[in-house]
Amino acid sequence: MALLQSRLLLSAPRRAAATARASSWWSHVEMGPPDPILGVTEAFKRDTNSKKMNLGVGAYRDDNGKSYVLNCVRKAEAMIAAKKMDKEYLPIAGLADFTRASAELALGENSEAFKSGRYVTVQGISGTGSLRVGANFLQRFFKFSRDVYLPKPSWGNHTPIFRDAGLQLQAYRYYDPKTCSLDFTGAMEDISKIPEKSIILLHACAHNPTGVDPRQEQWKELASVVKKRNLLAYFDMAYQGFASGDINRDAWALRHFIEQGIDVVLSQSYAKNMGLYGERAGAFTVICRDAEEAKRVESQLKILIRPMYSNPPMNGARIASLILNTPELRKEWLVEVKGMADRIISMRTQLVSNLKKEGSSHNWQHITDQIGMFCFTGLKPEQVERLTKEFSIYMTKDGRISVAGVASSNVGYLAHAIHQVTK
């Protein structure tokens, strides 16, 4: 009897633990799916092939395949360190010099909206955080519609950002997989049918994931139909300067819409064009009817931000602000960002040239027609799978590659592999 009682006492904690697990507050929580891009990176890391290529990651690499910190960023960091600045909280709306410089960069120094002060810009946590602030603002104050129309396809994070803010997602045609180019006719048809006073999201430049941008004449037609339908245009500008190498050219569409009197909101990121990926520097801007309205909007944006994260991070904003507001650093940045854009453009040209040398009979012109970091190659999922298994070349299943991950030393290998799986 004593032995039995002893065993019962010993087993009691185990039964209690099992019961606790079964009745856990979180027992209903299912394992979520892995991030598709991070999954590509993990598989790449496990590969032992010396020729392996990771074309999934959305970060710039130099021609040696190494991560790159801009010289102007290094100089700005040194200047900040020398000043021995404090680590106090930033204001809720962010670093004032940074937000003003961000607005000037996006809108242009001669912009009527900028010069008249009929805008408000708040600092956000890079592009994602700025988009989320914007989404929450629209959810609370845009009373006309809950619908946000995204191009098909769009950046994968757009859907959860707007959905989790309580908005509803719709789509308009954008990319034609048959031609690997813009479905302009489809886009115009769909946008012309969007209910009035809805929200339409537009990629200002270097559309992610396709790399397909409208031409300026097409942007004019798009602006015309957006204005006719009385839509609110939400511009996502994550690549200003990084697309064409020209900050003004990359902001042309945004500025044209504003000049046409279209209501616009904007999210910016400095992850790509300044290489400040981990610093999380970004901004959200609302173009208003006058300066008084801008003050009211700013007051509500600060009320929204306060329970989200209270104050934005300091370091990235200081770096970006110093670069944008210091003539010598700004000049150096413009040269460096053009250098990054030019290298990507060169890799596109070299890839097509090497495909021709391989004897490929396919038309690869879309690779050079597209712009920015990403390229929709037109490769099918089974071809992508072969590239991974046979050549250790990693990319997302939709055939999107980060051209920034291609270098002079391996562009020939990539072309050879693509030819082998497409011939």
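Cβ atoms here come from the backbone N, Cα and C positions, even for glycine.
As given in Swiss-Prot:
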- Gly58, Trp155, Asn208, Arg400: substrate binding site (BINDING)
- Lys272: N6-(pyridoxal phosphate)lysine (MOD_RES)
- 1-22: transit peptide (TRANSIT)
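Under the three-state DSSP scheme, Arg400 (substrate binding site) falls in the strand class. When the alpha carbons of Trp155 (substrate binding site) and Lys272 (N6-(pyridoxal phosphate)lysine) are compared, the span between them is 15 angstrom. Each residue contributes its Cα atom, and for Lys272 (N6-(pyridoxal phosphate)lysine) and Gly58 (substrate binding site) these two points are 9 Å apart.
Between the farthest pair of Cα atoms in the substrate binding residues (Gly58, Trp155, Asn208, Arg400), the distance is 12 Å.
Summary: among the recorded positions (Lys272, Arg400), the fewest other C-beta atoms within 10 A of the C-beta are counted at Arg400.
Remark: Gly58 (substrate binding site) has Ile37, Asn208, Lys272, Met373, Phe374, Ser402 as non-local neighbours, by Cβ distance under 8 Å and separation of at least 6 in sequence.
Secondary structure from DSSP puts Lys272 (N6-(pyridoxal phosphate)lysine) in coil.
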